[in-house]
Amino acid sequence: MNPSPPVIDVTGLTKVFGHKTVVDHLDMQVGRGEIYGFLGPNGSGKTTFIRMLCGLLRPDDGQGTCLGFDVRTQAELIKPHVGYMSQKFSLYDDMTVRENLDFISRMYGVANRSAAIDRTIGRMNLGRFRDQLAGTLSGGWKQRLALSACMIHEPQLLLLDEPTAGVDPMARRDFWDEVHKLAGEGITALISTHYMDEAERCHRLAYIAYGHLLATGTVAQVVAAEGLVTYEIAGPQLYGLIDRLRGLPGVEQVVAFGITLHVSGREADVLAHSLAPYAAPPLTLRQIPSNLEEVFISLMRKAVT
Amino acid sequence: MARIVTFSLIRFAAMVSKEFTQMRRDRVTFGMMVGIPLLQLILFGYAINSDPKNLPTAILDNDRSVFSRDMAMAMQNSSYFKFTQAIGTEAEADELLRLGRIQFVVTFPVNFGRDLARGDRPVVLLEADATDPSATSNAVSAIRQAATDAFTRDLTGPLIALRPANGPVELRLHARYNPEAVTQYNIVPGLMGVVLTMTLVIITSLAITRERERGTMENLLITPVRPVEVLLGKMLPYIVVGYIQMGLIIIAAMTLFKVPVIGSLPLLFLVSFPFIAANLGVGITFSTIAQNQLQAVQMSFFFFLPSILLSGFMFPFQGMPEWAQWIGSVLPLTHYLRVVRGIVLKGNTFVDIAPHMWPIGLFLFASLGLGIKRYRQTLD
Ligand SMILES: Nc1ncnc2c1ncn2[C@@H]1O[C@H](COP(=O)(O)OP(=O)(O)O)[C@@H](O)[C@H]1O
Ligand SMILES: [Mg+2]
């Protein structure tokens with residue numbers, strides 16, 4: 001059997017606001033059932049890119065399809081099958097949880113509306129808040145409501161823009177369990193996030209900075225591609241050491257990590273040479289695998305310089 | 001092109017019920033919508049005085065003597081009256097007054113000149129459309145002055161004895177439609193149009209701007225809803241509001257100000273529909289242009305000011321300079337005022353007011369069309 005065509009397949013997607021190119025010729029292919037992480041510093045164009053995929057913004061250049069429909073001309077056909085959760089809560093504050101869900105499900109023409117709403121409310125544990133105004137919900141519950149709203153019409157593609165920002169770890173875990181369950185049913189998800197642990201729960205990810213795609217692939221591929229070498233230094237009075245280490249040749253990042261320091265650089269030999277003096281007691285030095293955060297920071301630094 | 005052009009009743013109904021829900025929650029705005037009409041009614045209950053000029057007048061000259069022509073000339077020179085037509089019968093005069101084409105009819109009796117020469121003080125009849133008393137209040141003194149001016153010149157030499165102490169002619173003013181010249185009779189029905197214009201334009205101008213400002217537009221645009229469904233869905237609830245306001249003003253007009261309603265109220269409600277919708281169309285259009293709610297309110301005032309000043313609400317329309325009348329003719333309020341006053345004060349029928357309906361209809365389609373054209377389905 002042929003692999004099913006990609007759910008998102010765009011090339012050269014570009015958006016210009018005024019004189020500023022916010023998304024600069026971005027390509028992306030996401031397959032069915034995939035959970036695709038979308039990372040990058042604030043203002044790098046994630047939201048803008050997601051909005052172009054679902055017809056909320058018109059691309060200035062580039063083409064491609066989303067769910068098989070042209071992103072430039074067939075937004076009307078894409079919209080019914082997409083569940084989009086905006087970065088900022090955009091349901092009606094002055095309507096109750098139930099009223100909001102009812103409005104959204106009418107907009108999508110959901111069959112058996114009442115049952116669908118009850119099911120969603122039940123699954124998301126929103127029962128207690130059913131008749132509470134959405135504006136009075138706390139952050140985490142608002143996220144849950146927004147997530148319910150974007151799934152009530154059983155979309156094939158979820159576009160979630162920082163869905164877990166400001167949500168407690170427990171709720172985040174529930175959320176990710178839910179996403180994985182949906183992926184198992186063949187639903188595709190593109191999720192932007194700033195959390196590294198969430199990035200690691202994605203099948204694949206893309207890292208963008210200032211509108212440019214800097215890395216794509218599985219977590220392991222992204223880490224390997226950057227070729228970053230990281231050492232861990234442990235011992236007493238490490239804080240005094242940070243500034244001194246930062247000036248050394250080959251050292252690109254020094255990060256305090258609990259009671260240790262992580263020192264990374266791309267030139268393995270130079271770095272090893274610079275750090276050799278810090279292997280003596282009371283300090284200990286050992287090489288460790290680079291983590292995603294170090295890789296992303298390294299990517300971002302490169303993008304700036 | 002695989003573009004589905006459909007109108008979904010389900011989505012339209014969802015928009016309408018959402019708007020009603022939000023309206024119900026927004027107590028302050030709802031209070032304003034009810035409060036503003038009543039407040040304005042009380043504020044404008046006071047007379048608005050003005051000094052109109054060149055009011056259109058028809059002349060019915062049964063004498064055709066040098067004396068009647070002299071007096072007509074003097075009236076014209078007073079710049080208060082402007083003769084727009086000479087007519088032959090009383091029936092013609094009635095018709096012109098009823099349709100609001102003219103403000104006055106001046107009638108010179110047969111043998112006006114002979115009686116004047118005999119010193120018999122002939123009767124000059126001035127019939128006035130008094131629906132707007134500010135237009136007629138100065139008419140009597142203006143015409144008396146004109147008579148004196150005309151005949152003190154003619155009655156010289158041997159005729160000087162014919163200058164009676166109490167004026168050469170007897171003036172009879174016949175105020176039609178609002179015989180007691182009660183200003184409120186004119187203001188209150190007019191106020192209905194003013195209130196509808198003000199509140200409906202402002203409220204709908206906020207309709208889409210608010211969604212944009214609160215960020216809820218993003219969620220609305222991502223759904224399959226179509227522009228027409230959004231715009232009409234947002235208008236319908238305010239049509240209901242407009243009718244509630246109308247009802248309030250009519251009740252107040254009849255109870256507080258004892259305005260006699262001569263024409264048909266059902267007709268009034270029926271023909272108000274395009275006017276209400278035209279104002280909503282303006283508001284919706286502003287709403288698609290304004291960047292934020294403040295701008296939306298400013299635009300509404302930009303529309304409201306000429307409406308109130310140039311429509312014939314504040315000053316008699318016929319007395320305004322020509323350029324002002326041109327602007328006024330575009331505004332739906334101008335035509336609606338004639339409709340309301342015509343129905344309430346003159347008992348106009350649909351046929352009588354029909355000429356004022358098409359400019360309102362035209363404005364409605366233009367404003368609504370512009371709104372739909374301006375409505376953006378994207379965030380950029
Ligand atoms: N409507 C807009 N008009 C002008 N600039 C915008 C608009 N939307 C976003 N931007 C700019 O585009 C850049 C990218 O924004 P965004 O896509 O929100 O980034 P991210 O979601 O990655 O934080 C930012 O610099 C932002 O200021
Ligand atoms: Mg963003």
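Glycine too: its Cβ is placed from the backbone N, Cα and C atoms.
Taken from TrEMBL, the feature domain 'ABC transmembrane type-2' applies to B:149-378.
Residues or ranges marked as transmembrane segment by TrEMBL: B:28-48 (among others).
Per TrEMBL, the feature transmembrane segment maps to B:187-208 (among others). For the transmembrane segment (B:187-208), the list of distant contacts is 19, 29, 32-33, 36-37, 40-41, 44-45, 47-48, 217, 230, 234-235, 238, 241-242, 245-246, 249-250, 252-253, 257, 259, 272, 275-276, 279-280, 282-284, 286-288, 290, 293, 296-297, 299-300, 303-304, 307-308, 311-313, 332-333, 336-337, 340-341, 344-345, 375: same-chain residues at least six beyond its ends, Cβ to Cβ under 8 Å.
TrEMBL lists B:236-257 (among others) with the feature transmembrane segment.
The annotation transmembrane segment is assigned in TrEMBL to B:269-289 (among others). Sequence-distant contacts of the transmembrane segment (B:269-289), counting only residues of its own chain at least 6 positions beyond either end whose CB sits under 8 Å from a CB of the stretch, comprise 193, 196-197, 200-209, 231, 234-235, 238-239, 242-243, 246, 296, 299-300, 303, 332, 335-336, 339, 343, 350, 353, 357, 360-361, 363-364, 366-368, 370-371, 374-376.
Within its own chain, the transmembrane segment (B:301-319) has Cβ neighbours under 8 Å at 48, 50, 52-56, 103, 132, 134-135, 190-191, 193-194, 197-198, 201-202, 282, 286, 325, 327-328, 331, 333-334, 337-338, counting only residues six or more beyond its boundaries. Annotation source TrEMBL lists transmembrane segment at B:301-319 (among others).
Residues annotated as transmembrane segment in TrEMBL: B:353-372 (among others).
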Same-chain residues near the transmembrane segment (B:236-257), Cβ under 8 Å, at least 6 residues beyond its ends: 16, 19-20, 23, 33-34, 37-38, 41, 45, 184-185, 188-189, 191-192, 195-196, 199-200, 203-204, 265, 268-269, 272-273, 276-277, 279-280, 283, 344
